[in-house]
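Annotated in TrEMBL:
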type	residues	note
BINDING	Cys88, Cys93, Cys99, Ser335	[4Fe-4S] cluster 1 binding site
BINDING	Cys119, Cys123, Cys126	[4Fe-4S] cluster 2 binding site
DOMAIN	102-324	domain 'Radical SAM core'
Amino acid sequence: MSVAQSEAASPIPISPALAAFRERLASDAPELKDFVSEGSGVEGYSVAVGTREDPRRKPDWMKRIIPGGEKYTRIKSQLRELKLNTVCEEAKCPNIGECWSGGDTGTATATIMILGDTCTRGCRFCAVKTSRAPPPPDADEPAKVAEAIASWDLEYVVLTSVDRDDLPDQGSGHFAETVRRIKQRKPGMLVEALVPDFRGDPDCVEKVATSGLDVFAHNIETVQELQSSVRDRRANFQQSINVLKMAKLTGPRGVLTKTSIMLGCGETSSQVLETMARVRDAGVDVMTFGQYMRPTKKHMPVSEYVTPEAFENYRRIGMEMGFRYVASGPMVRSSYKAGEFYIKAMLDADREAAMVS
């Protein structure tokens, strides 16, 4: 089914709240402060990043405890034994200690990265290694991933991958097969697939969206104005929006769509607000916001550290726009333990409601 056919058959409705928000955006490019009440803390939107001439420490809210503990060690050992990769390690995620050790909810989680550990693209923010010709995918990987996940005490798992522009189907078949294998081993497990853009190929998107997953996630990463300076040249804002829209229109009823952007890349608050409206226009259910953190000195520098108060204001505005869930905070990442907890609760509630009706 083409994008045009899907949109004609099942248009994505625009909520009254989003329509009202769009009217406000159309008036003089408002900023975040125009959408929040007094005393919200928006005056302290961000703090400056240190320079060689003016060195500064990172804000306290950007500090994390060094990972460790029994669960952390056990998961790391199992991943090594099965030769599986995680984006938690490859992307140097700051939440790895919280997620792998169990955090506040007590259930350890990890985001499995399939299709190898080498990406065919070179985004300026990402620490994953790159190559024009990475090794071929492990044909046994879907079964290995399902085996590993079935042995863990999990109810919600996230699969993600590197970009594989070198493969005829961009790796979509491998992705779909991994989801199916997991569902065969643990039918009740909730599966989120955080996918690349598949070059905007509708067949690839539909293949994954109809594989049995519960959440289809694809990250737009940043505002439209910064796409070319943040992401690989083969990625772009409209292509990512189209992927999210295709997933919503071709996936089974009940599948949630999700995306994420980083703050602190040089964007303005008015650009963020416009991005939120564009994303909601595409029917996306869940959106997350996190602080960009430079993985090495070779990567794109941080432009500013956005305050927790500003993140909270974006969360509040997002909920008012009609998103079903918004996770927003300096340490939030697209695959984030606390967010998965709430999304699981949403999916469980949807299933119960469907059974009643």
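Heads up, the Cβ atoms here are built off N, Cα and C, so glycines get one too.
TrEMBL does not curate its annotations; it predicts them automatically.
Over the domain 'Radical SAM core' (102-324) the predicted model carries a mean pLDDT of 93.
Counting other Cβ atoms within 10 Å of each Cβ, the binding-site residues Cys119, Cys123, Cys126 show the lowest value at Cys123. Listed in chain order, the residues near the [4Fe-4S] cluster 2 site other than Cys119, Cys123, Cys126 are Arg121, Gly122, Phe125, Ala127, Val128, Thr130, Val162, Asp163, Asp232, each with its Cβ within 8 Å of the site Cβ centroid.
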